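Please read the structure below before turning to the comments.
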Amino acid sequence: MQFNLLVAACLAYVIILFVVAFMVERRAQHGRLGWLRSPLVYTLSLSIYCTAWTFYGAVGYAARSGLEYLTIYFGPTLVFIGWWWILRKLVRIGRQYRVTSIADLISSRYGKSNTLGVIVTLIAVIATTPYIALQLQSVVLAFGVFATGTPDGVTPPDAASTAIWVAAGLAVFTVLFGTRNLDAREQHHGIVTAIAVEAVVKLVALVAVGAFVVWGIAGGVGQVLARIDAAQLSAWQVQPGRWAGLIALSAMAVITLPRMFQVMVVENDDEGHLARASWAFPAYLMLMSLFIVPIAVIGLERLPPGSNPDMFVLTLPLAEGQGGLAMLAFLGGFSSATSMVIVESIALATMISNHIVIPLWLRLRPAAAGQGEDLRGVVLMARRLAIGGVLALGYGYYQVSGGSAALASIGLIAFLGVAQVLPAMIGGLFWRGATRLGAILGLGTGFAIWAFTSFLPSFGPGAVLSRAVFAEGLFGLHWLRPYGLFGTQAMDPMMHALFWSLVLNALAFCLGSLLSFPGPVERLQGAAFVKVFDGAVGPQRWARGQAEPEALLTMAQRILGEEVALALFQSAAREQGKEGYLPDPTPAFLDALEARLSGSVGAATAHAMISQLVGRATVTVEELMAVASESAHIMEHSAQLEAREAELTRTAGALREANEKLTQLSVQKDAFLSQISHELRTPMTSIRAFSEILTEGDLPPDQVAKYGRIIHDEAKRLTRLLDDLLDLSVLETGTVQLNLGLASLQQMLDTALTAAQQTRPERTFIVQRDLPSEAIYLRTDADRLTQVFINLVSNARKYCDAARPELRIGVRQRAGRVMVDVVDNGTGIPKGSQALIFEKFARLTDANRAGGAGLGLAICREIMANLGGSIVYLPGQGGAAFRVTLPLRLEKAAA
Amino acid sequence: MRRPLFLARAPYRRRRLRDAARLLPVLGMLLLLLPLLWTPGSEVRLGAGDVAYFFLVWFGLIALAAAIAPGLSPGEGDEEED
């Protein structure tokens, strides 16, 4: 294998990537991304989780620690198949609030605090520097494998200069594509696509090597399984602490690693892609780790003892004389390293420029804030320098650490470093009570403990921490030893650091949050983040400010560029119904502007810049409450409307009922009028006819007497009718004179029954009475009450249609009131008519019209009202039933 | 504003699907932590069977996640959090 060929292949590969990225950027500019925004590309871009650490390191890991390497993939698998818990919310928030990095997320959530942004940025930079060094180291090692393999005249460069070349090359590539423009939403389609291509290359390479090992060397799956059983790494056994701890650690890291956050949240185009990735990404991980164990086992078996297991992926095909396969494997490893470094440095550069450089720049040159200087140049330059700086740091770490440590342990240290962000992040997403102070305390504590127990000791005893500190503890305090905090030296160092840093981190975070009081912006942001799916709470909003639109435009131009800013302002002005480019600084416009700016320079900076112009750094608590109560008012208003509507419906129902009744009454009245004229007319006619006959004379005396009697009877009927009408009108106007006195109820009922016998005397009624209960003396108008009873009994006699009519009279006494029920055993009154029977002129059927004009019950009702009682129809008694209720003692005043 | 107490068949199914999506990682955690119980003594050796176990579990989880994911339709997930 010629070294020249290797370098040429590398260059060719990079050029292909370059072309891919370039083409995609071109298409993106024309808005023709098409399938490039598919879930497939998204899933593949997520594969930067698998760095060179996976590609080379996993085999070494498996050779050293058996199946433990799987934990690094189980964690992400659990997080992704459980995407409904966390990732969905994270991506939604990231898209809704234009989050540009994980530092931006934390800073935004905790009241756009730049302090937090700086802390998270520092943690991310420090934690991932070794990781970048790791990638450089893997590329250098891989080159080394080929170089030692075939000395063919060309002297390969030494390790240090290889590392420099690789780092510089990556920096150039990243700067070219990562900082071409300042996007409103910090997205880099070109790079994402290039990374998707690299993902395919590394998967194909690893699977190819694995397939070669399984079917080419071992001779089939069964053989491989047999060799796994026989191999040395079977001495490994599960260490419960490390097993569970590493699964948890990798699960945390996959959310908090800056590069994962970048591709997962910031570069996400569509939330639907996440659903696909939720299973496709674990599937990718599974494929990547499928052949790790076979490669490790066969490598241990075939290669000479002492060879570096981290390089088995390369050395095994080389040893078997498969140059082409080794080349593919090399490109796979190269892809893994480059894609990780590119995305990681972009993510870090974004954080550094947004949270450190730009705020510093604005602080140092406040005079320039309102001037026309184009800040975009500053931002882009800051990012370019940051990318260079990050790679330089990585290179520096590689040089310092000597590049000898096993890959896996460096990777885990980096994981643990970024995992310190997790408590503040998860707390911020799900707990409204999480505060800025809590987040600062938690991050600080976690970071300090991580540095002391994991990061600094990784340089080795005597490098950063003296041997004395390792042995005796910090300041000679025995309980402050890096590997034995609080006397827990029996723990595995990694688990020790994991346990103490995260436990104390979470503890400080919770305590700080519980004991502090958040500011208004913080509370609004907290509510907006935690309730992102409810959509009820918007993020922090601007009150109408005193900002000059011109100054805003100048500022926006500095960040977005002239054209974009002018277009933005013009469309906003048009929305407000204004001509020109200067909209009013309404809250809505300020919000939109801030969201747009924060896509470029981060939420904290955008917020600070606008508040500089609007002239007020924060909203007050009152404004906060006003915003909150705004929505509450709306809800209240709608509730009121609802109540009013219900009331209207009720009223309408009542009106409809009343109307029906009126209509019915009107019909009744018409019927009565015709009837009353008939009632008046019939006697009048007979009186007139008979009186005419009488005036003619010449009649036998008995005829005269007979006619005279008829005339008299008819006149009596007329009188009775008129009496009734008069009676009713007197009762209705309430001018009736009541004759109050003590009277026996029994006597009154006796009188009523006797009097009522005149009605249809031919019928015999069985009357059931309970005499003892009737022995009550009432203070009331006995005549009037008797009249009511007579009416009821004679109604029963008139209308009861039973073959063996019965009449039951029941008396009850309750709470100073007496109830008298008069019940017959007829068919009763149909339900529909029950409401009408007490109306004047009502008469149900014409079948049993036995005189009377339908005034009886109406009169009864008026009498009872005058006596301070009531009469109602009792349904469901097996016949017509009336209940008369009246007070035991009627006082004069009530009359 | 107020959420209905009972749901029609389709939304009901969708919610149960979400429950399944939430439970899946719990199931996965159980299955992946199961090997912790395998080590009563020091003489337990790693065999090919263990490797097969892990990959089968892994494959099963992915298959379940793939079966659940399409029905979750994140676009309609806004009426959270039930």
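Note that Cβ sites are derived from N, Cα and C of the backbone, with glycine treated the same way.
Annotation comment: TrEMBL describes A:675-890 as domain 'Histidine kinase'. TrEMBL lists A:6-24, A:69-87, A:116-147, A:159-179, A:191-218, A:243-261, A:281-300, A:312-334, A:341-361, A:381-398, A:437-456, A:498-517 (among others) with the feature transmembrane segment.
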Original post:
Counting only pairs 6 or more apart in sequence, are there at least 3 Cβ pairs under 8 Å between the transmembrane segment (A:69-87) and the transmembrane segment (A:281-300)?
Top reply: yes
Original post:
When you check the transmembrane segment (A:341-361) against the transmembrane segment (A:498-517), do you get at least 3 Cβ pairs under 8 Å, counting only pairs 6 or more apart in sequence?
Top reply: no
Original post:
Do the transmembrane segment (A:116-147) and the transmembrane segment (A:437-456) share at least 3 Cβ pairs under 8 Å, sequence separation 6 or more?
Top reply: yes
Original post:
Should the transmembrane segment (A:312-334) and the transmembrane segment (A:6-24) be scored as in contact, given a threshold of at least 3 Cβ pairs under 8 Å and pairs 6 or more apart?
Top reply: yes
Original post:
Short question: which residues 6 or more past the ends of the transmembrane segment (A:437-456) have a Cβ under 8 Å from it?
Top reply: 106, 110, 115-116, 119-120, 122-123, 126-127, 130, 413, 416-417, 420-421, 423-424, 427-428, 464-465, 474, 482-483, 485, 493-494, 496-497, 500-502, 504-516
**OP:** State the residues, same chain only, that lie 6 or more residues beyond the ends of the transmembrane segment (A:498-517) and have a CB under 8 A from a CB inside it; answer 'none' if no residue qualifies.
**Re:** 245, 248-249, 252, 416, 419-420, 422-424, 427, 431, 433-446, 449-450, 453-454, 485-486, 488, 491
Subject >> Residues of the parent chain within Cβ reach of the transmembrane segment (A:281-300), under 8 Å, 6 or more residues beyond its termini >> reply: 43-44, 46-47, 49-50, 54, 58-60, 62-63, 67, 69-70, 73, 76-77, 80-81, 199, 202-203, 206-207, 209-211, 213-214, 217-218, 224, 227-228, 231-233, 307, 309, 312-313, 315-316
**OP:** Would you mind listing the long-range same-chain contacts of the transmembrane segment (A:381-398), meaning Cβ under 8 Å and 6+ residues beyond its ends?
**Re:** 125, 129-133, 135-137, 140, 163-164, 167-168, 170-171, 174-175, 178-179, 341, 344-346, 348-350, 352-353, 357-358, 361
Subject >> Tertiary contacts of the transmembrane segment (A:6-24), as residues 6+ beyond its ends and Cβ separation under 8 Å >> reply: 33, 36, 143, 146, 169, 173, 176-177, 189-194, 197-198, 201, 327, 330-331, 334-335, 338
Original post:
How does the model score the domain 'Histidine kinase' (A:675-890) in terms of mean pLDDT?
Top reply: 81
